[in-house]
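Trainee: One structure, pasted below without further comment.
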């Protein structure tokens, strides 16, 4: 039962709060800005940086739509167009979606599980700096005219040295390898945080769906990303050092690139969509005033999707002439994976049906998500049929499909999340009216942009053409899409205006403006550096609606969950969330930043073939790491050495 | 009880001592290294998968272009050096668990010598094979050098980590309550050894099948 009015415990005394503040507060200096390890600050940075990269990629898209508004336009040259669509796709996938969702994960996972920070706070800071530098590394190539230009999946032989000379594809391979370090580190951090740092009593069946989704995503990253890294490393070696992996004259094979790319690439679709589905499962029930329906089934379907997603990659390659038998297998797997996805949709519908709906902006975006994602899923099922796929592959129908899936499946939930958690992140309420305008502009603009692409695709318009002749029946659909893109852009601009307006003029947000059920609503808005003065003891799946959990942070709270002696948080057991022990968390430090600068030097050195610079960067990285992990000096007694 | 023994007792029974030392459950460090090795293992698995994919797409003869079957003598010697190098690490870890710091140092030193020998032998092997073919000769050469160099660089990183541990242990940072870093490096080292066995089968033995 939602009862946001349940009395919370009075909490610990001011003396405890003062001691916690003294331990956890970071100095408000410039150095403090660079050395922070607070997951909330790092999470905010992820969100802002990813949003800026989204802006860059969005402007690239607007430029392309302007070029395509009518036939034979000459606003962009073919070369510029190639770079823009390649950077648009690469940035939206790698530099926006995943980092944005990791940003929410960074801010929310420790709060949702009732911890004081991530399991590895310094690694977390390092991951952010690497993400920032990798993003700048790739975007800097655009003004230099050396941006990737082989599409976001960069098929060989188009992308080998002979057919695409210059730095373009080296920026791509090295940039993604660099970024991969950040993503892998983040994934490991999420899994370990969710396994070990949950509040006592939070057994696996009480973990919020959003955290489950982040963990499942992280496991997909662990298994999928190394394959992409290998692919990029091989391409870099082929281009730079004349190895022969993709060189058919010397026994290499170009299909290896596609296999490796899509072994990563299809799980990556779910790496992007899964946390977004988690956001929906967090936001939707709150505006239906009840707990989510079929929690165990949703969790099972999250896990099932994570596993099955590794068995569907060949459906991206139905047009490459592989054996028919393999098509049968992958077609079946691609059809099966719609079952757990559909199950989640029905669970949300049931939640709405059984709840009492309160329409606010986050809820509107969730509904927008359901509508567009179902359309995208529908065309997705069509692609699972090999015969249909072979007719429409590389046409605008594909572009329409994956924008419905990714804009519908990821951007709508991200926008819902921005409005839903902005009060928690910033301590300010947004303007409901501005938010509704933004929603309708985005919803209309999105459909106006991408729905006509289904038609132009079926009429035979190929993707990735920089212009087209008139009179093929494509003109009106392209014009509609361009108008839609500007409407969509206006709507997104309104979101940015709404956020800035909230930060500047917004009314102060209460701790729990929505009557939410997960633990981030049980602390102040914005949360204090130590998150919770008392780490709660969790008694149900809906801890904030549960009086016993609220009571556990009240006056009777025991010292072993307050922990004021240094920066401390709790380890609990992986499955049952049994109390294990208190552990010390690290202080702020500049080492993550220095290590990331070392890596940036490595990748810049590799890009320009300044190998001594790269070696120096490697030495800086290794040296910083050696100091970072250097064991604190212990007396023999402390280390437990017998006399 | 000796004075020193009492010191240990108080250090171990202070509230923070009790709170932080109690060896309950897996640590975050253990989980972190296991996940790191999982992702590394996936990378090697993808590399081996690529080897077999390229080999079978290429068809016979393999190795192509008249390159001879890989020699086995040297790789078997390298195996005999690298795989047992996990033993001194195990011995070192067992030592520090009992508080015998000298055993930790001696074990790490033994691993350092064996791992260094392995890298030296790899250099000897390369100097012979480079005269026959290089990584630009054909796809077989590219695979051979990429796989072995990638593994060799892992051995080199492992050796750097062992050196780092050795220096830290000379500073006296480790003891029965404080040896997690030793364990983590040990896991990494065992992993690098296990990967070598997979390389022995993939690169050296499988072409003969």
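Cβ atoms are placed via backbone N, Cα and C, with glycine included.
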Trainee: Which residue range, A:363-388, A:519-544, is the one TrEMBL calls transmembrane segment?
Mentor: A:363-388
Trainee: When TrEMBL marks a stretch as transmembrane segment, which of A:400-422, A:561-583 is it?
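Mentor: Of A:400-422, A:561-583, TrEMBL gives transmembrane segment for A:400-422.
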Trainee: Any idea which of A:236-256, A:593-613 is down as transmembrane segment in TrEMBL?
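Mentor: TrEMBL lists transmembrane segment for residues A:593-613.
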Trainee: Counting Cβ pairs under 8 Å that sit 6 or more residues apart, are there three or more between the transmembrane segment (A:46-64) and the transmembrane segment (A:479-500)?
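Mentor: As far as Cβ distances go (cut-off 8 Å, pairs 6 or more apart), the transmembrane segment (A:46-64) and the transmembrane segment (A:479-500) touch.
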Trainee: Who are the long-range neighbours of the transmembrane segment (A:84-113) in its own chain, taking Cβ under 8 Å and residues 6 or more past its ends?
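Mentor: Residues 39-40, 42-47, 49-51, 53-54, 56-57, 60-61, 63-64, 76, 124, 131, 134-135, 138-139, 141-142, 147-152, 154, 172, 175-176, 179, 182-183, 186, 190, 193-194, 197-199, 202, 207-208, 210-211, 214, 217, 268, 271-272, 275-276, 279, 406, 410, 414, 417, 421, 424-425, 464, 518-520, 523, 527, 531.
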Trainee: Any chance you could find the range in A:171-195, A:327-351, A:593-613 with the most Cβ pairs under 8 Å to the transmembrane segment (A:294-315)?
Mentor: A:327-351
Trainee: Out of A:171-195, A:363-388, A:434-459, A:593-613, which stretch touches the transmembrane segment (A:479-500) the most, going by CB pairs under 8 Å?
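Mentor: Looking only at A:171-195, A:363-388, A:434-459, A:593-613, the most contacts with the transmembrane segment (A:479-500) come from A:434-459.
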